[in-house]
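Report on the structure given below.
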């Protein structure tokens, strides 16, 4: 991860970006674009959760709280203050980041990961129950509607860009821009001293601390960055779907879906969460008819991928080649 | 000699560490001066590694004070102690499994460089010093026990410490690698590196250290040159009394 990218990898990244950019010019199929937009929103969420859990090793199961806080925060500011969604999605991110700081502080003192999991999950449940009961503000499970969409604008030479349910293309490009931004931030951090510190902290907290890494600072930083990105993803989702219910954005189902995406794609890798988000979002669409049995299928997917593909889909290619570490160890 | 040179680098004052009712270190005091090599000896459970944990900050003492370089560090956190100049190796090695050997060492060189490539270059130097050059780009989880010990040493050295704590660096290392490790430690000593070593191997202690403290049940039992300590009636008694006699 800390070596310069090979030209082959550069080409792969560039190719993926070009394909994503050209796709809406080939097809404007509303349903296909909708699925891809959701995949990108989940891709941001999965990447940001992987940043905390896969790279920094903090096993948090409450990140859906940040998604919900970003979504409701941005939507409520938009509805009540009349601010543009272009501004409020960042405010939604900030609200989530503040919550991340708030929940990051007690986690600093807990070194046992099962306890971190329970504390964060408990926090997310508090957020869900609060959103569901503050009916005067959020309308509870009836759903918050009337969320403003993104304002249109005019691009010189291209004409007017309008965000409407009928035309998914502008949303598609906006989601893609947010995805690039999020993955770009995480990648840049992971390839810097921060990334080195995080992996050291994950693999040996005591050793990392003895080598001069400030655990407090690293943990807070990773939590704030991650919750900000998840909050922005949630805020985008709010202004895209335009109706929010606590069950949909703050329910534990969402978290389990994200965990499944990251595990299937590859925990602790940069591309894994994106691959997992794409594969599972499409799969979820196929499984839509199963309705309440969906959770059963997610569970089976998590178990199967952990059993047969513990490092995720993105390591498939590497498995076919001879693993260099194993080869070296055997040679010894 | 100036006043500065007279003050000890490390000054441990009446330190006690109790875990509930079990006292792991009892009213321990000692000093280490610059350039000195001190050996901590004693049977298993004597409190040697606990003493290291207290000096490195992994444990905060129940009572007593620790001064380093003239500063009270009793309550200082481990990362700040590292920055102050204390480095340690772990008896039970703690490699960063998913980082390569050289990246493991890069973690320690971070404060000294701004760019990753400079860090990598610097880290390679230390990897080479401990004789792991051939394994530099292998994931740390692929290392043997002996190689892990050397990686611990490379990482600790790369923080450029004023005081280096080495916990059984020769433990678990194959016999033919020990002379190489000894030479390495000797070269550190010749460069003026201050060291505290925990060792069971009497030959290593004799060759390396200026002074030894023999601990038993958390307290200092005997102090002197390695030779004096090894021949002390109480020490001989302790080992022979247990039916060992292997010291």
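Our numbering is plain: 1 for the first residue shown, then up by one each step along the chain.
Backbone N, Cα and C atoms are what each Cβ position is placed from, and that goes for glycine too.
Over in TrEMBL, the protein carries these features:
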type: TRANSMEM; residues: A:7-25; note: transmembrane segment
type: TRANSMEM; residues: A:31-52; note: transmembrane segment
type: TRANSMEM; residues: A:64-83; note: transmembrane segment
type: TRANSMEM; residues: A:89-108; note: transmembrane segment
type: TRANSMEM; residues: A:171-190; note: transmembrane segment
type: TRANSMEM; residues: A:222-242; note: transmembrane segment
type: TRANSMEM; residues: A:254-283; note: transmembrane segment
type: TRANSMEM; residues: A:295-314; note: transmembrane segment
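By number of Cβ pairs under 8 Å, the transmembrane segment (A:171-190) is matched best by A:31-52 from the list A:31-52, A:89-108, A:222-242, A:254-283, A:295-314. No contact links the transmembrane segment (A:64-83) to the transmembrane segment (A:7-25), because fewer than 3 Cβ pairs that are 6 or more residues apart lie under 8 A. Beyond the transmembrane segment (A:31-52), the same-chain residues lying 6 or more positions past its ends with a Cβ under 8 Å from any Cβ of the stretch are 23-24, 58, 60, 63, 67, 168-169, 171-172, 175-176, 178-179, 182-183, 186, 189-190, 222-223, 225-227, 229-230, 232-234, 236-237, 240, 257-259, 261-262, 265, 267-270, 272-274, 276-278, 280-282, 285. Ranked by Cβ pairs under 8 Å to the transmembrane segment (A:89-108), the stretches A:7-25, A:222-242, A:254-283, A:295-314 are led by A:222-242.
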